[in-house]
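Engineer: The feature coiled coil is assigned by TrEMBL to 60-87. Summarising the annotation, TrEMBL assigns domain 'SAM-dependent MTase RsmB/NOP-type' to 95-419. According to TrEMBL, the S-adenosyl-L-methionine binding site annotation covers Cys203, Ala204, Ala205, Pro206, Gly207, Asn208, Lys209, Asp227, Asp254, Asp274. What TrEMBL records for Cys353 is active site, nucleophile. Annotated region 'Disordered' per TrEMBL: 426-460, in sequence order. Positions annotated as compositional bias 'Basic and acidic residues' by TrEMBL: 433-442. According to TrEMBL, the feature compositional bias 'Basic residues' maps to 449-460.
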Amino acid sequence: HVRQLYALVSETLRYSPVLEKLLAGAALLQAEKKLPPQLAKVLVYDLLFGKGLKCGGRWKALARRHRARLEAELARLKVQQKVSRNEDLLAPAQAASPGASQVPRYVRVNTLKTCVDDVIDFFKRQGFSYLGKAASVEELRALSGKKFLLDLHLPELLVFPPQTDFHDNLLYTSGHIILQDKASCLPAFLLSPAAGSHVIDACAAPGNKTSHLAAILKNKGQIFAFDVDTKRLATMNTMLMRAGVTSFQLAQQDFLTVDPGDPKYSKVTYILLDPSCSGSGNTRGSRHPTWSHLWVRGAPATAALPTGMVNRVPREEAAPSAERLQALAGFQRKVLSHALSFPALRRLVYSTCSLHQEENEDVVHAVLQEQGLAFRLVNAFPSWPCRGLAAFPGAECCLRASPADTLTHGFFVAVLERCGEGAAAPSSLPAAAKEDPQHGEGTEPGAAPKKRKRKKQRVK
């Protein structure tokens with residue numbers, strides 16, 4: 001019953017702010033002075049929200065003695081907050097305590113198969129209430145029930161309350177929507193490759209960013225995606241085919257072994273590099289799986305410097321040691337330097353799901369110093385609220401994300417461009433990468449996408 005126990009504890013933690021109010025209102029701890037507060041929360045959760053106290057013994061009897069008072073307090077709390085469902089009590093309670101359980105459910109519309117307007121119409125027909133485009137992060141934080149918004153930063157991202165589940169939804173199973181955290185959408189969004197470009201996704205599994213790149217390219221051009229694991233490549237291939245991606249080549253190869261001088265990659269002008277990291281930005285406690293980055297090829301997970309291509313596995317990871325951080329940072333510098341050696345490269349996005357300066361600003365700074373005047377940091381997306389740590393002059397050009405500040409998983413993004421001859425002209429970093437990358441055809445920064453002719457397949 002380990003799984004059931006884990007679910008009980010996880011849900012008790014999720015409802016913790018509500019349970020504290022119920023315990024206080026019912027004065028349960030004052031009446032039962034020997035009852036430990038944490039145990040009281042578990043008992044009350046199972047009594048009111050769970051499966052009705054499957055345990056036995058004196059604790060069950062104790063909780064049932066106070067059942068009427070606790071149920072009355074729960075009813076009073078619902079009236080006070082003007083909600084009818086238990087889950088609707090969560091949003092205002094969680095707003096005061098940012099964390100994993102409050103990160104919304106982000107849904108990226110796959111523009112290879114549909115458009116934002118059609119997806120909004122589909123969800124409205126399913127009983128969801130569309131509230132328009134969000135004006136602030138606070139509006140995202142307040143979402144509850146079956147309400148949803150268009151994101152204030154990314155024009156093809158819809159935002160639903162945290163526990164909304166779409167895994168069995170027709171739009172998800174048919175590839176019309178991609179379940180992807182907002183922060184994870186930033187790298188492809190800021191790379192913003194022009195249609196027809198050749199792009200490398202250096203550490204591609206599980207493929208969400210690859211499919212996002214294809215949507216930005218409108219399936220025109222070529223994406224080279226790398227991974228060393230056959231099974232992951234097969235899974236990724238299935239996912240990309242379901243998403244309608246056609247302009248890609250998967251390679252079972254470690255990106256570090258790819259020859260930048262190979263004529264095959266002579267037209268590569270954009271690279272998305274999301275290498276292995278400590279995964280410290282992955283939020284804990286979410287009911288939805290998060291993915292840590294772990295480098296493995298014949299080395300145990302605890303090795304100081306795992307090697308090989310990226311493998312993403314769901315797992316809880318302890319805070320990395322200083323030794324492991326330095327080992328990861330050394331590898332990240334190596335792979336970033338390698339990516340910058342592709343001769344036609346014009347723009348690169350470096351990203352991690354780490355919160356550590358050693359893996360983020362320090363890596364970017366070290367590699368830029370190695371490159372001299374060859375590449376520069378771009379001040380992309382100036383309206384994004386969280387910037388890089390002041391580790392070196394210009395670090396504020398980098399972006400950071402966190403559950404507390406941006407209602408996303410923890411993330412870091414840096415945009416690098418080639419300087420001088422052969423570089424992208426200043427205007428080639430579109431409003432897309434400065435304010436609202438999506439493929440700015442005269443749109444104002446952050447504006448909702450224009451109504452499109454509905455030529456793509458509709459889901460009824």
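Note that Cβ sites are derived from N, Cα and C of the backbone, with glycine treated the same way.
Walk me through where these features lie, including what they touch and how far apart they are.
Structural biologist: Each residue in the domain 'SAM-dependent MTase RsmB/NOP-type' (95-419) has a pLDDT score, and their mean in this model is 87.
Other Cβ atoms within 10 Å of the Cβ of Cys353 (active site, nucleophile), summed over all protein chains shown, number 26.
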Engineer: For the coiled coil (60-87), give me same-chain residues lying six or more residues beyond its boundaries with a C-beta closer than 8 angstroms to one of its C-beta atoms, as numbers and ranges.
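Structural biologist: Tertiary neighbours of the coiled coil (60-87) are 18, 21-22, 25-26, 28, 31-32, 35, 43-44, 47-49, 53, 144-145, 161, 163.
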Engineer: What whole-number Å value do you get for the CA-CA distance of Gly207 (S-adenosyl-L-methionine binding site) and Cys353 (active site, nucleophile)?
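Structural biologist: Cys353 (active site, nucleophile) has its Cα 15 Å from the Cα of Gly207 (S-adenosyl-L-methionine binding site).
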Engineer: Where the record says Cys203, Ala204, Ala205, Pro206, Gly207, Asn208, Lys209, Asp227, Asp254, Asp274 bind S-adenosyl-L-methionine, what is the longest distance in Å from one Cα to another among those residues?
Structural biologist: 19
